[in-house]
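I have placed the structure first, in the form of structure tokens, so that the comments after it can refer back to it.
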Amino acid sequence: MDALTRLNNAMTNKGTAFTKAEREAYGLEGLLPPAIQTIEQQSEQAYQQFLAKADAMSQHLFLMGLYDTNRVLFYHLIGAHVTEMLPVIYTPTIGDAVIRYNEDYTSPKDALFLSINDSTSVIQRIVKQRATENPHIKMIVITDGEGVLGIGDWGINGVNIAIGKLAVYTVAAKVNPAEVLPVVLDVGTNNETLINDPFYLGNRHERVRGERFDTFIETIVQTMTTNYPNVLLHWEDFGRENAARILEKYRNDYLTFNDDIQGTGIMVVAAAVSASKAANIKLPSQRILIFGGGTAGIGVATQLLDEMSRQSGQDEAVIKQQLFIYDRFGLVTTEHEDLTDGQKQFAHERSELGDLDTTDLVAVIKQLKPTMLIGASGVTGAFTEDVVRAMAEVSEQPAIIPLSNPTRLSEAKPEDIIKWTNGQALVVTGSPFAPVDYKGVTYTIGQANNALLYPGLGLGAVVCQAERITMGMLSAAANAVANLVDTSVVGAPLLPKVADLQHASLAVATAVVKQAVSEKLNTITITDAETAVREKMWEATYH
């Protein structure tokens, strides 16, 4: 490797931390300022530069510039300031970064761009070339940018989600950044703003659907798993028409999962388990109303159904009587003809509801008497004062969980929920919120941030080279997170703090490995789960 290549490669560049001996050996003399810094000095210098930026988006661009030039320093810096910087490199700031991708584009950031307009042979050639350059990939995040967070179809701009998601894997679970690959599938976009934008960098045509899309996905799966054996395929931000369908097609034959469906689902299971402990009731006894019947809402319902059945030993058909979904057309019932496959699984008979106005959320709450209300809708302020007060009327200590992010899309603010329920409610949110002081009690708001869970899940699956990810492994991950918090203190958070990401990831990965071994899904010998996980963790230090 020549001197300039070493400096221009984010994985090998140390910048001013190259020692005198290294500068001589690598031909770097004269190419760097003469001062030699430690990584700690570099990190502090970068932190001061970060603080000087005017807003979160400017800070995001600064950090991603560092990602481009010195990957080790990037992770060292964020690891030292994880609570402050995680919202900058991922949600909520990443949403704005996706929208502005074409405006701010400077480099591909080691991502792979695959177009549906390319032939199978071209795609195979591209992936094979990449695998030749780096055969060590263990984890791939794939998106087609159709269902980005709560902001919809952003086409190829969704690559920022894949990049950011993998960055969180490394920050939280210490996954080696040299062993990950962000992939964006360009199948077009239905976003007219993008199609008409002269600077848009993707295909300018409507999204391809149907058989051609499915054939493209099959090509991607076969090509990736052929070139990268034992790789984990993480599906991210696909639209509601395709997300569950793709997962169901491949989940039993490949090591794969969908964070929007399963990750969000098990994160809510963790929150629900904690809330149940705090209320001193068992999870299978909860009556749960999920506001939002899209990919996330159905994922939440599916995981809760499994966990409640798992804990109680009851048949899922019995548990379904306690789970309700409220979508854009009201309570999901069998009378609706345009239900998705996921919604059909949780549709209730209309005849069982009498003359209930199923489009009136307050009326639905008063009749069904849910003990837990979960928001997965992206509808700002949907949990109005009337809705929240209705929950407090029908439940002594209701769990109210507005999941939608970024913050501006949250169904309600914790401060309002606590005030409207006179401090009764158990609150978890999807976006970060400040603690709430109410009647002498400080309520620290737990955030159902998938970063507490999916990095450890992915790491655990990779560590034991699991054949697939099962519902048992997902349950183990959720309970590992729930077991990290003390719910006996009034006002205490119901989930671990973001500052405890690495501790949470270790616990989750260890639990996942143990569960995989118990199900005989590990393809390599595991003597001690935690030791195996620790040995796989990467440290952001120079070598």
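Every residue, even glycine, has its Cβ placed from backbone N, Cα and C.
Under a cutoff of 8 A between CB atoms, and with a sequence separation of 6+ in the same chain, the neighbours of Tyr90 (active site, proton donor) are Gly164, Lys165, Ala167, Val168, Ala451. Among the features that TrEMBL reports, active site, proton donor is placed at Tyr90.
DSSP assigns Lys165 (active site, proton acceptor) to a helix. Residues or ranges marked as active site, proton acceptor in TrEMBL: Lys165.
According to TrEMBL, the divalent metal cation binding site annotation covers Glu236, Asp237, Asp260. Classification of Asp260 (divalent metal cation binding site) by DSSP places it within a helix. Spatially close to Asp260 (divalent metal cation binding site) yet at least six residues away along the chain are Gly147, Trp235, Glu236, Asp237, Phe238, Ala243, Thr295, Ala296, Gly299, judged by Cβ distances under 8 angstroms.
Within the same chain, residues at least 6 positions away in sequence whose Cβ sits under 8 Å from that of Asn405 ((S)-malate binding site) are Thr91, Pro92, Leu149, Gly150, Gly430, Ser431. Under the heading (S)-malate binding site, TrEMBL lists Asn405, Asn449.
Residues or ranges marked as domain 'Malic enzyme N-terminal' by TrEMBL: 67-251. Model confidence over the domain 'Malic enzyme N-terminal' (67-251) is summarised by a mean pLDDT of 96.
For 261-517, the entry in TrEMBL reads domain 'Malic enzyme NAD-binding'.
Taking Cβ-Cβ distances under 8 Å and a sequence separation of 6 or more, the neighbours of Asn449 ((S)-malate binding site) in its chain are Leu86, Thr91, Met267, Gly430, Pro432, Leu495, Val498. Its Cβ taken as reference, Lys165 (active site, proton acceptor) is surrounded by 26 other Cβ atoms within 10 Å in the chains shown.
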